[in-house]
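Student: Sharing the feature lines straight out of Swiss-Prot:
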BINDING   201, 202, 203, 204, 205, 206, 207, 208  ATP binding site
COILED    32-80  coiled coil
REGION    1-30  region 'Disordered'
């Protein structure tokens with residue numbers, strides 16, 4: 001039996017109703033497309049920046065490691081023994097001409113870490129011993145024997161420790177101490193204070209000791225140098241040391257420069273025949289130039305001491321350089337009494353000791369010889385195992401240091 005298939009006349013009504021996922025109103029407009037594209041672009045840029053940041057961080061780490069290695073290399077170069085040289089001329093930012101201690105000049109490379117502003121003519125520099133490259137700039141006073149005396153290094157000599165010399169004490173205090181402590185007094189009067197003081201006289205009369213007392217009593221910086229220290233082996237070193245002394249004094253003003261035995265470099269000029277004599281004369285000319293270049297507003301005073309004032313160059317002695325000249329003669333009777341009193345103040349003298357006997361003797365003796373007499377008397381008492389100094393001890397000391405018996409020289413006849 002055949003069955004006939006009956007078709008549904010309305011199949012569309014039997015199908016489930018379907019709706020599109022987005023309606024026409026849900027389709028993004030052109031403005032939203034632009035914002036979406038911009039968001040994607042910014043996201044890509046952010047990812048690129050993050051990649052760049054990681055790259056920069058890695059590069060920074062590498063550069064820091066290289067910087068540390070370069071610093072260690074520079075320290076290694078500067079830590080090895082360096083050759084001391086003198087900067088002469090800058091060619092460009094990377095090269096210069098320097099002079100070595102052997103007298104030769106070199107065209108060298110400058111280390112990139114060196115501060116170019118410190119490279120001035122005559123500056124002391126450190127050179128690599130293999131390549132002679134300029135690897136360090138030394139302080140101005142690094143290779144100089146000139147230095148300031150600190151408060152603990154200053155002599156403990158006071159004015160009371162110097163017997164006699166009352167006039168000399170007053171004059172040096174007026175010329176050196178007073179202008180540094182009460183400069184306004186000279187302004188009110190309308191005069192310029194002395195620039196320099198010359199102490200001259202026989203040996204042992206207290207010139208150096210008085211300068212020590214000035215260093216003790218003043219708060220100014222004190223620079224002490226002996227004239228023979230300026231005479232160096234190589235040409236130009238002496239004048240450079242003179243410049244260093246005055247530069248150091250100006251940097252630490254108020255300051256006092258004491259040059260002992262100045263006759264070693266300040267003798268009268270003559271027609272020099274040797275290089276050494278010409279170098280000494282160049283030192284003198286540099287000294288004259290530095291003293292002429294003094295500004296009165298800079299509180300720097302110069303004290304010079306010598307035993308031979310008659311041999312000094314007249315240009316140094318003229319007013320304007322050494323304005324005050326203080327003579328230290330051999331002590332007279334009153335001065336000898338004061339020196340004996342100072343020297344024996346701490347000594348254990350016997351009641352029989354009469355110092356006036358030694359003061360009244362006509363022998364011309366210096367203050368240093370009086371000190372030696374007292375020292376010898378004390379040594380003689382120690383030799384005899386005594387705690388009291390007797391007159392015979394002083395007599396022994398006097399004969400030892402002053403009176404020489406003629407029989408001592410019969411051997412040479």
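Just so it is clear, glycine is given a Cβ too, placed from its N, Cα and C backbone atoms.
Thinking about packing and proximity, how do these listed features fit into the structure?
Tutor: According to DSSP, residue 207 (ATP binding site) is assigned to a helical segment. Taking a C-beta cut-off of under 8 angstroms and a sequence separation of 6 or more, residue 207 (ATP binding site) has the following same-chain neighbours: 199, 200, 201, 305, 328.
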Student: Within the chain of residue 205 (ATP binding site), which residues six or more apart in sequence place their C-beta under 8 angstroms from its C-beta?
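Tutor: Looking at Cβ-Cβ distances below 8 Å from residue 205 (ATP binding site), excluding near sequence neighbours, one finds 328, 329, 330, 331, 366, 367, 368.
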Student: Name the residue among the binding-site residues 201, 202, 203, 204, 206 whose Cβ has the smallest number of other Cβ atoms within 10 Å.
Tutor: 203
Student: For the coiled coil (32-80), report the average pLDDT of the model, please.
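Tutor: Within the coiled coil (32-80), the model's average pLDDT equals 83.
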Student: I want the residues beyond 201, 202, 203, 204, 205, 206, 207, 208 whose C-beta is within 8 angstroms of the mean position of the ATP site's C-beta atoms, in chain order.
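Tutor: Same chain, not in 201, 202, 203, 204, 205, 206, 207, 208, Cβ within 8 Å: 307, 328, 366, 367, 368.
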